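Look at TrEMBL and you will find 150-287 tagged as domain 'Fe2OG dioxygenase'. Per TrEMBL, Fe cation binding site is recorded for HIS171, ASP173, HIS227. Under the heading region 'Disordered', TrEMBL lists 290-325.
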Amino acid sequence: QVFRSQLSISSVSDQDAYRAGLQPVSQWKAYGLRGYPGFIFIPNPFLPGCQRHWVKQCLKLYPEKPNVCNLDLHMAPEKTMDLWGQSKEQLRRKGSSKWEPRSLLEKLRWVTLGYHYNWNTKKYSANHHTPFPSDLAFLSEQVAAACGFRGFQAQAGILNYYHFDSSLGIHVDESELDHSRPLLSFSFGQSSIFLLGGLKREEAPTAMFMHSGDIMVMSGFSRLLYHAVPRVLPNPEGTALPSCLDQALSSDLPVGSVIEHSSDEDWQVCAKYLQSSRINMTIRQVLAEGQKFPEESGTNGKGQAPSEDSHHENSKAKRHKPNTV
């Protein structure tokens, strides 16, 4: 059922791959699944130490304003200005007790980038947009090009923050106006089970593991398939963090690299967070080249999710029909 996928090695220079913190594309392994054309699974292609950059960005930089997060729904704007600064000491001192109060970073469930997803209408709009992070856009462009999608534009991102009691209900990502472009998914931290279903909700899914550093690409036929994350699992190596996150970053980064060195202090906070958590970045191109949003009357496009866990299910809570992303 699993087969090797061909990548477009000539579409990404080794230098651009290095600048994005990736191995040369010629060294990547990529796999497809029979019956799921357009689905590509790439086991951790990151260079040693480079995953740390994306973890730090997801915890320290990307939740900052003007980006939007679930905590904005029920906290005053000044309370969500510096989640990292408000949480880092509490995280660093955190023990293993489940009864310790959670820091604000541990209450983070989602962050939206670029075109901000409207959880109520399940749409994007022209008037609810902030600049997309340039480093993440560059990473996404290289991965898309390696998979045969040159010219991919990273226009929207949804970052999901999972803990061991988190799950993501079955859903399909169809809100983007251009479905000819792929959806890119990057995972960091603890592992998870990923279910890839069919065009209908009731079709039986195929289950697979997602480990730290793994990338999934959903394109073509697979772009509009139902999928879910029912479980987050401890690192199968048996250690607090996957070994790929213990690797140090090279001291000599290439010219123009988007990867930044993390201080030991910052990584201590990130590492403590990841001991019980998983971070997932899904990157989308919303509009085709030259395409515009349709005119909408009576909306400002800034609706938010009805609750902070709108697209997560908590396994300790009473089960209900999951909301979708």
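Cβ coordinates come from backbone N, Cα and C, glycine included.
What TrEMBL annotates, mapped onto the structure for a quick look.
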residue: HIS171; record: Fe cation binding site; CB count, 10 Å: 17
residue: ASP173; record: Fe cation binding site; CB count, 10 Å: 20
residue: HIS227; record: Fe cation binding site; CB count, 10 Å: 23
For the domain 'Fe2OG dioxygenase' (150-287), report the average pLDDT of the model, please. 94
The domain 'Fe2OG dioxygenase' (150-287): DSSP-derived helix, strand, coil residue counts: 19 helix, 51 strand, 68 coil
